[in-house]
Amino acid sequence: MAKATEKRVKRAKKEESGSESEDNDAIAQEILDTTKSDNEEEEPKKSSKNYTSVEVDESEEQTKTFKDLGVIDSICETCEELKFTKPTPIQAQSIPYALEGRDIIGLAQTGSGKTAAFAIPVLQSLYENPQPLYCVVLAPTRELAYQISETFEALGSAMGLRTAVVVGGMNMMTQAVALSKKPHVIVATPGRLVDHLENTKGFSLRTLKFLVMDEADRLLDMEFGPSLDKILKVIPRQRNTYLFSATMTSKVEKLQRASLVDPVRVAVSTKYQTADNLLQYMVFCPFKHKDTHLVYLVSENAGNSMIIFARTKSDTQRISLLLRNLGYGAIPLHGDLSQTARLGALNKFKSGSRNILIATDVASRGLDIPAVDLVINYDIPSDSKSYIHRVGRTARAGRAGKSVALVSQYDLELYLRIEGALGKKLDSYPLESEAVMLFSERVAEASRAAIQEMKGEDGTKKRSKFDKKRRRDEMDIGEQ
């Protein structure tokens, strides 16, 4: 701790002596370098930066309590109320170092409890030294930002915690009013936070004590590098920084060197594992009958909560319309929807008023969607990690779950790559071709209607018996 504090003091003195601009130029170069190449190696080069490294196995049983980690009684009591019975591996290893004042690099997958791993130390520090604009958490997506805010609010409920979510797609003026109320914690996407730093009168982060970058690998993959650079330039150099990421790529390594001081690196090993209570299946089907097989699977699992993953926004919308035309409660989730519609879709799915979510990979990481019974991969993802993240939406918190991959003749190479990474072959889903093809005529009609609607053709008289139902469901999408 003394070493980290000494380095922070040196940084603060540089700011006072006017040499901050040189450091900021160095930061700018470091961060902007992270976005130069799309073909960088997945694993980082050896860094000259020294840090303490802790490796922990995800399957390792935890015997410590939150109190054993040094967490204060009031937060421990809140953890009990939230049913956080024992710390997860990432929490058990990172929280004690964070409470000592160390910067943290946390390498862990979604569902590992990493949000609480950085929220608890921030809240404990805030409890001991309450002041506004204490912490900023940066997230790559709007949905994840709201999820993080909910976790902070739950853990900080006994403290009267004030939070503000600042993301794109929402009203700037409303957000400016929320910022003027001096929240303790701001959860933001980088681009919108920069908008407020540059345009919202009276708003600054000069008193900031904590910066958290969650899912840093995605922040950089989504080319937030220039925005991160601007943020790092205007916040105090004497602060605590937590960087959490699913992978330690070379881009993340550069970001770590530019923004952290003497960090502790806590890595939770997963080895491309899926949950033991997850049943994984595949269905080989000709591409032209893919929709028919999908509808058969949905029919066989009617009443269950399911997420169907598609590769493109267009397919997400089309499949949603197709299923709704057939009477299923399906809602889409993709980047072309307004923020209100996206939150409305998530709320309806979480509450159970709609039980089928058709999503692009925006929903495969970071979102806490409980009690999903089935994941269907309509399109095979292009890499094994995405597959792990997708099927990880089910079989959570000890529950059983099931996943099915639809594999056409065009997906074989990708599918075999995933089997190789998993180290096992997936079982074939039990079905009878005759039973599947009984759906083909109805599916073809519903599909034509969906495509016609997406093209915006009028054809009111020619179009189908599905029109009234479509209009009703369209209104449902945007509801909160």
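Just so it is clear, glycine is given a Cβ too, placed from its N, Cα and C backbone atoms.
Model, not experiment: these values are computed from the prediction.
Which of 64-92, 180-208, 325-353 counts as motif 'Q motif' depends on Swiss-Prot, and there it is 64-92.
When Swiss-Prot is compared with the stretches 130-133, 214-217, 274-277, 398-401, the one noted as motif 'DEAD box' is 214-217. Here the motif 'DEAD box' (214-217) has Cβ contacts under 8 Å with residues 114-115, 118, 137-140, 144, 148, 243-247, 249, 251-252, 255, 365-366 of the same chain, all six or more residues outside its ends. Residue counts for the motif 'Q motif' (64-92) under DSSP, helix first, then strand, then coil, are 13 helix, 0 strand, 16 coil. Taken as a whole, the domain 'Helicase ATP-binding' (95-266) shows an average pLDDT of 93 in this prediction. For Ala108 (ATP binding site), the same-chain residues that are 6 or more apart in sequence and have a Cβ closer than 8 Å to its Cβ are Pro89, Ile90, Lys114, Ala117, Phe244, Ala246, Val266, Ala267, Val268. Using a 10 Å Cβ-Cβ cutoff, Gln109 (ATP binding site) registers 19 neighbours. Residues of the motif 'DEAD box' (214-217) grouped by DSSP class, helix first, strand second and coil last, total 2 helix, 0 strand, 2 coil.
In this view, Gly113 (ATP binding site) is surrounded by 18 other Cβ atoms within 10 Å of its Cβ, with every protein chain counted.
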